[in-house]
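Participant: Quick one: this structure, given as structure tokens, is what I'll be asking you about.
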Amino acid sequence: MPQLGLLHGRAWAVLFGQLRRPPGAVCIRAVHSHSQVAEAALATQLKPHQEKSNFIIKTPKGTRDLSPQQMVVREKILDMVVSCFKRHGAKGLDTPAFELKEMLTEKYGEDSGLIYDLKDQGGELLSLRYDLTVPFARYLAMNKVKKMKRYHVGKVWRRESPTIVQGRYREFCQCDFDIAGQFDPMIPDAECLKIMCEILSGLQLGDFLIKVNDRRILDGIFAVCGVPESKFHAICSSVDKLDKMSWKGVRHEMVAKKGLAAEVADRIGDYVQCQGGVSLVKQMFQDPRLSQNKQALEGLGDLKLLFEYLTLFGIAEKISFDLSLARGLDYYTGVIYEAVLLQTPAHAEEEPLNVGSVAAGGRYDGLVGMFDPKGHNVPCVGLSIGVERIFSIVEQRMKTFGEKIRTTETQVFVATPQKNFLQERLKLIAELWDAGIKAELMYKNNPKLLTQLHYCENMGIPLVVIIGEQELAEGVIKLRSVASREEVAITRENLVAEIQKRLSES
């Protein structure tokens, strides 16, 4: 019968098409044949997978699932980060996971090759967002916003060979804070560095240092050393690798791969291997070559002012002026910074974990103008917290010390020692939920009391309310502390108040 019904339906469709089809219209039979071809092609694609007896279920390379235990830790990290952003007056913002491809191209320099392109699905060429900064600049230009302090937590995607042991993934979460608008120099920049210090101190990851430089100083160094302007971005990208490669390796890349004269590379080496504090800023002011470059002098002047503000904020000792810091992204125009852990383990028992920088950012005054039809710029400065890398450190610490993580926030468990008390348990738990108390019960009609109490101990639930025949007859509920195993009888009308009192004291 189903086959007959199908034939009847097709015949009806063809008949209807013949009666109603205008001249030159496509025949439904032809459309149907196209859909059959498509279905056959799909079946051919799927068939090999279905026939594989050794099919491996796995996540895509460079991605991972997060277990409930991992999610608890991740959410705590994110809560601390976001609460700091809010404390500094930031508003939340979200943007699509993908953007028009043209919005992302030519914004990242050599890293543009890592952008994930999507197939054309609706007449638009799209790409997954590479970071949260370019979408923010697009948002400001599109909505003609001239001033904004915003934070954004979201996933980004990079088509690179992932090194999972270093906390690098193809899909990962970023936490960004940015200040957009025209303000007096270095005040927003200093606040960004203060925020980085607050977050890294609050997360107790161990000692850290924030390296600071300025792209104008770097460009000035390249200019006075004899780098052709057309090679500035390429050479900047090489310098950016000094945290992963020796100067010898970076110099080889500049000369052998990027065609820079050896003597020019050597002159650059004299500068980019320098680091220090405000005294190095003053020293660079006196440098006979660098002091002749207008761009470099502007950058040095801003850094001198920045260190004054950082001293007032009480964080100057955490900041190092490091001429090797380059930040490879093309959109940076001024001050740039990057936080690294000096000693990843906070305890001697831990193994060192090489995770690279855990936070970074800088000033990008020209990015919004790249989206604005009239080229109107909105100066911006911001930072990004490396959540995945921080998470790798915290995760390792948990394994080292065998810390037990509660995966739920349940405060009270509703239990019974007797059969046929499901209805009473349901009424009781509804009262607790309605009062805003986080409560659970066992999804069984007649669970054993010992099973219920063991569940509470295993899940770390602090309180149990017990209702049975005796409690029902006396109009009371037993309230039990899971840790001490002490029980008290509480009248039904006072139960919620007593639970709330105990929870507030714990």
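Placed from the backbone N, Cα and C atoms, the Cβ positions cover glycine too.
Pulled from TrEMBL, these are the listed features:
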BINDING   D131, L132, T133, R158, Q174, D178, R327, Y331, Y332  L-histidine binding site
DOMAIN    62-417  domain 'Aminoacyl-transfer RNA synthetases class-II family profile'
Participant: Measuring CB to CB from R327 (L-histidine binding site), give everything in the same chain under 8 Å that is also at least six residues away in sequence.
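Facilitator: When sequence neighbours closer than 6 are ignored, R327 (L-histidine binding site) has N213, R215, D240, I336, E338, A360, G362 within Cβ distance under 8 Å.
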Participant: Name the residues of the same chain, 6+ apart in sequence, whose Cβ is under 8 Å from the Cβ of D131 (L-histidine binding site)?
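Facilitator: Those within reach of D131 (L-histidine binding site), by Cβ under 8 Å and sequence separation of 6 or more, are Y108, V156, Q174, D176, S384.
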Participant: Which one of the binding-site residues (T133, Q174) has its C-beta surrounded by the most other C-beta atoms within 10 angstroms?
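Facilitator: Result for the most crowded candidate: T133.
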Participant: Check the domain 'Aminoacyl-transfer RNA synthetases class-II family profile' (62-417) for me and report the mean pLDDT.
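Facilitator: Within the domain 'Aminoacyl-transfer RNA synthetases class-II family profile' (62-417), the model's average pLDDT equals 90.
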Participant: Which residues, sitting 6 or more apart from Y332 (L-histidine binding site) on the same chain, put a CB under 8 Å from its CB?
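Facilitator: The list for Y332 (L-histidine binding site) reads R215, G362, R363, Y364, given in order along the sequence.
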